[in-house]
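Participant: Below is a structure I'd like to ask you about.
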Amino acid sequence: SVGFKAGVKDYRLTYYTPDYETKDTDILAAFRVTPQPGVPPEEAGAAVAAESSTGTWTTVWTDGLTSLDRYKGRCYHIEAVVGEENQFIAYVAYPLDLFEEGSVTNMFTSIVGNVFGFKALRALRLEDLRIPPAYSKTFQGPPHGIQVERDKLNKYGRPLLGCTIKPKLGLSAKNYGRAVYECLRGGLDFTKDDENVNSQPFMRWRDRFLFCAEAIYKAQAETGEIKGHYLNATAGTCEEMIKRAIFARELGVPIVMHDYLTGGFTANTSLAHYCRDNGLLLHIHRAMHAVIDRQKNHGMHFRVLAKALRMSGGDHIHAGTVVGKLEGEREMTLGFVDLLRDDFIEKDRSRGIFFTQDWVSMPGVIPVASGGIHVWHMPALTEIFGDDSVLQFGGGTLGHPWGNAPGAVANRVALEACVQARNEGRDLAQEGNEIIREACKWSPELA
């Protein structure tokens with residue numbers, strides 16, 4: 001007599017369990033599934049659960065040596081997507097023990113590592129993840145978080161202002177440092193290395209770090225405010241990255257930066273640990289995110305990447321603008337902005353939030369609005385993002401006809417005007433342009 005029947009078997013027999021009650025410790029995922037024609041949604045959903053946990057395409061005799069009931073992912077609910085034919089949201093619950101503690105890398109390898117090339121699916125998108133406290137507590141999270149950052153910078157009650165130094169490639173270190181100084185001197189809080197500035201022949205990283213540090217100290221001395229420049233520590237190896245972070249710390253600068261998707265979560269988590277241990281703030285740029293999150297029916301939504309970053313660690317992360325040159329729908333953006341900053345976020349499907357997320361006491365991340373924004377967007381940005389944000393104007397500062405410093409002045413004046421107007425109870429959405437025009441009377445740079 002044979003122990004079990006060989007051959008291909010339906011996943012839904014084992015992995016589709018509509019009556020499963022999810023546990024508080026389960027990691028829950030919401031997938032947008034587009035099955036191939038002829039594949040029933042239950043089978044597609046079960047296939048996702050199986051291939052991203054314990055399953056394979058047939059029964060193997062070693063299945064008898066483990067408890068599938070304890071370790072299998074389960075597709076516990078399927079709903080049709082309104083307005084799309086043949087698209088479904090499949091909800092999958094993963095037992096906590098499938099994941100290594102404190103490793104975003106392993107979490108993604110398990111949940112999205114294998115299943116996206118699956119034949120029975122035409123397309124697959126991970127829309128949201130519910131991270132249980134039992135798992136999130138195994139992560140350090142952001143090196144410092146919003147409150148500690150405000151205390152370090154001594155800046156309260158307003159958004160922070162930044163600017164990416166352009167042209168992003170081709171400046172010498174000395175001219176680069178000069179641009180940094182002018183922007184900070186004019187009134188910005190931060191300037192930023194572009195994400196592609198690492199250590200190229202025209203400007204090696206050490207030279208850039210030195211000139212930028214000089215610019216920071218000079219601007220601090222002249223303005224009496226704490227200034228920062230996001231020194232991009234991203235490098236070809238983790239060791240080199242940490243070496244750059246150490247050099248930044250020795251120069252006494254407040255903040256470094258990392259491209260977390262191109263650099264990878266393992267490198268990012270290492271850097272975040274270094275930053276907490278050594279009092280550096282960590283700015284995160286999301287270069288490469290659109291490769292993963294741009295397609296509506298395949299890939300991963302950015303809110304998942306944002307949650308992962310909060311666990312891996314970063315104090316700032318780019319989060320779209322809602323108003324500038326890059327796409328991003330307002331409600332969705334606000335949804336993951338809350339996921340980055342708040343402690344407890346209610347499920348809210350209208351904002352794309354599929355699960356109630358409780359971060360317990362993990363520090364928050366400051367969202368950075370950046371990309372094609374300028375002073376006329378300031379009222380909208382102040383209203384949408386609130387105080388705990390960084391507003392970054394690249395061309396919006398350096399494009400000023402009088403130069404960088406006046407561009408910085410214009411931005412700072414506009415910001416202060418908006419914050420003051422808001423605190424006086426005026427409606428930024430309605431009177432935004434009027435507020436900016438009034439401010440122009442006091443500031444020739446803005447006019």
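Any Cβ shown, glycine's included, is placed from N, Cα and C.
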Participant: Can you pick which of His316, His318, His400 Swiss-Prot lists for the same substrate site as Asn114, Thr164, Lys168, Arg286, Ser370?
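Facilitator: As annotated by Swiss-Prot, Asn114, Thr164, Lys168, Arg286, Ser370 share the substrate site with His318, chosen from His316, His318, His400.
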Participant: According to DSSP, which kind of secondary structure is Glu195 (Mg(2+) binding site) found in, if we only use helix, strand and coil?
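Facilitator: The residue in question, Glu195 (Mg(2+) binding site), is coil (DSSP, three-state).
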Participant: Using the recorded Mg(2+) site (Lys192, Asp194, Glu195) as reference, state which further residues of the same chain have their Cβ within 8 Å of the centre of those residues' Cβ atoms, listed in sequence order.
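Facilitator: Apart from the listed residues, the neighbours are Thr164, Ile165, Lys168, Asp193, Asn196, Val197, Tyr230, Asn232, Met257, His285.
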Participant: Determine, using Cα-Cα distances only, which of these recorded positions is closest to Asn114 (substrate binding site): Lys166, Asp194, Glu195, His285.
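Facilitator: Closest candidate to Asn114 (substrate binding site), judged by Cα separation, is His285.
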Participant: Can you tell me the CA-to-CA distance separating Lys168 (substrate binding site) and Asp194 (Mg(2+) binding site), as a whole number of Å?
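Facilitator: Cα-Cα, rounded: 6 Å.
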Participant: Just to verify: the residue among Lys168, His285, His318 with the fewest other Cβ atoms within 10 Å, which of the recorded positions is it?
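Facilitator: Sparsest of the recorded positions Lys168, His285, His318 by Cβ contacts within 10 Å: Lys168.
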Participant: Work out how many Å separate Lys192 (Mg(2+) binding site) and His318 (substrate binding site) at their Cα atoms, rounded off.
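Facilitator: Cα-Cα, rounded: 12 Å.
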Participant: In terms of Cα spacing, which of the recorded positions Lys166, Asp194, Glu195 are within 10 angstroms of His318 (substrate binding site)?
Facilitator: none
